[in-house]
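Input: a single structure, listed below in structure tokens.
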Amino acid sequence: MASPGEAATDDSHVGKNKKPPARYWQELPEEGEDENKDEKGGEKPLPQKDQQTQKAKKRKQEEDQRDGKKFVSGKSDPFPGPAPIPKERVQKFKRKDKAKKPRHQHFKLRDMMKRSDEASEMSQKQAARFDLLLPEDAGFLEGDEDEDTCTISQEDIAEAVDITSGAKYFNLKLSQFGPYRVDYSKTGRHLLLGGRRGHVACIDWQSKHLMCEINVMESVNDVKWLHSEAMYAVAQKKWLYIYDSNGIELHCIRKFNDVLRMQFLPYHFLLATASATSFLQYLDVSVGKEVAAFCTKTGRLDVMCQNPHNAIIHLGHPNGTVTLWSPNQKEALVKMLCHQGGVRSVTVDKTGTYMVTSGLDKKLKVYDIRAFKPLKSYFLPAGASCLSLSQRGLLSAATGDVVQVYRDVWSAPVTKPYMAHRVRGSVWGLHFCPFEDVLGVGHGDGFTSMLVPGAGEPNFDGLDANPYRSAKQRQEWEVKALLEKIQPELISLDPTELGYVDRATFEQRHRDRVQALGYDPLAKEKFVPKYKKKGRSSAGAVERRKKQVAHEDQRDEIRKTVEDKMKMEKEIKERAQKKAALSNQKSALDRFKK
């Protein structure tokens, strides 16, 4: 009789050879597969045929691995290759269409174009894959049933949102030096205020940290950040001044006098100014030189904006026209009659497609700049004195002390505002903060920061405008931006013209070739009669041969002219036959003819 210990050893409930868990890509084991193993757990020697089959499988697997097929734990990968990308997401990041390949003899050009297409396709796919890392999306304000969003107050919105977003709604009571002009930096981090009575302040508005505060002791017409938050320009009563972020005066530019409005072109490092003496001037802030100065001859220039897409300056005039200017041309590129009265404000969206204007005729008009045609026209009872467009296409319009925000003004008819807010004092400046759902309002009683859900772009480009960059990153960005500065000569209405190939006509290329060679290589060689013996090269015989060749050329021309003439006569004859056939058809009214 066996002892209990021996029985436990012989008859264990756990199998000696535990099978690994089956995977869904593995083939199911066939019946009788385990027959190769004997009862003791050892493997039986395989027949010679089975050994050859296993060697062949192993050889094939090694060949597949050399060919690039991936294997997981000795098995083939069930999902080979990169993960598929949805076509809609790839189409979103499409940069260009595939270029037409040149003829076979231009093999170097073909290789260059092929590499360019491959790089563009790879970057397109990478951008589509990394789109998953941009989960932020713009959200808009939604009211309850039968509730208009324009009736929701700023206090209600500040209470409903989180603490960080609620802190972005605040008021600065500065009634002593108002009204105020407003400007946000390109990153949306810093705020610049300029009071009519000389008060200038720089604020890190998110942390409420005051960077500098000065009083220039004369009236201020406009303020504008330059390429970074380290410098800003102030249009004072007489001249244009440049200050740093500590309030120290860096430059006094006396060439720019009586400046009323300013716009800064960030990729060209150009400060464009409009003066009360009807002059439009451009200052290159990287070298401190005046690039261009034009007299528009249209009176006082107090309405100005820029097109962010192509860096064209839009000016509004008292006669109701809007003109488009470039530093490369002394005359206006385009003149548009927009209003029956004077133009009060102009703004352009970031894509450069739509322009919104308001005038003394109390109308708000939306134009398609591509076709220079009006799309929509709205009547505002009090008219709009200031306009501003956000990154997401929201339009803010100030009428007196009321700020109204409209949504989808160019895609659908608008009957009521999206949001509305009343401030203390008449509005003098409006500006949407980049990458934030905030609208800055400068008015007679100071400054108000409004919450406007859905106004800002939720995802920013960290290499272009990073709100969280450090001082070292800002310095590196500034150096790169200076190296990549676009020259003012490249500013044009259509920025895509720079990518076109200037294909000279065949006549121009042929003319240049003739001028370089000194003769026309395509000209027909003059007929020189061959010298013949036995008196056949006398002067008369040579002339006869020359006339014969000339007659042959004339015959070809005459034959071509006759063929064209016969073709025209045939067409006229066919037309006459069709007309006669139509006239011969009897009509129901022919019985009334006498």
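Including glycine, each Cβ sits where the backbone N, Cα and C put it.
Note that this is a predicted model, so its numbers are computed, not measured.
For 37-47 (among others), the entry in TrEMBL reads compositional bias 'Basic and acidic residues'.
Per TrEMBL, the feature compositional bias 'Basic and acidic residues' maps to 60-70 (among others).
According to TrEMBL, the compositional bias 'Basic residues' annotation covers 92-106.
According to TrEMBL, the feature compositional bias 'Basic and acidic residues' maps to 549-577 (among others).
Sequence annotations record features per position, and here TrEMBL assigns domain 'BING4 C-terminal' to 417-495.
The region 'Disordered' annotation in TrEMBL covers 1-106 (among others).
Annotation comment: TrEMBL describes 533-594 (among others) as region 'Disordered'.
If one looks beyond the repeat 'WD' (336-377) by at least 6 residues along the same chain, the residues whose Cβ comes under 8 Å of a Cβ in the stretch are 303-310, 314-324, 383-389, 391, 393, 395, 397, 409-410, 413-414. Per TrEMBL, the feature repeat 'WD' maps to 336-377.
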On the DSSP side of things, how many residues of the compositional bias 'Basic and acidic residues' (549-577) fall into helix, strand and coil, could you say?
29 helix, 0 strand, 0 coil
Which residues of the same chain, at least 6 past either end of the compositional bias 'Basic residues' (92-106), have a Cβ under 8 Å from a Cβ in it?
113-114, 116-117, 120, 123-124, 127-128, 131
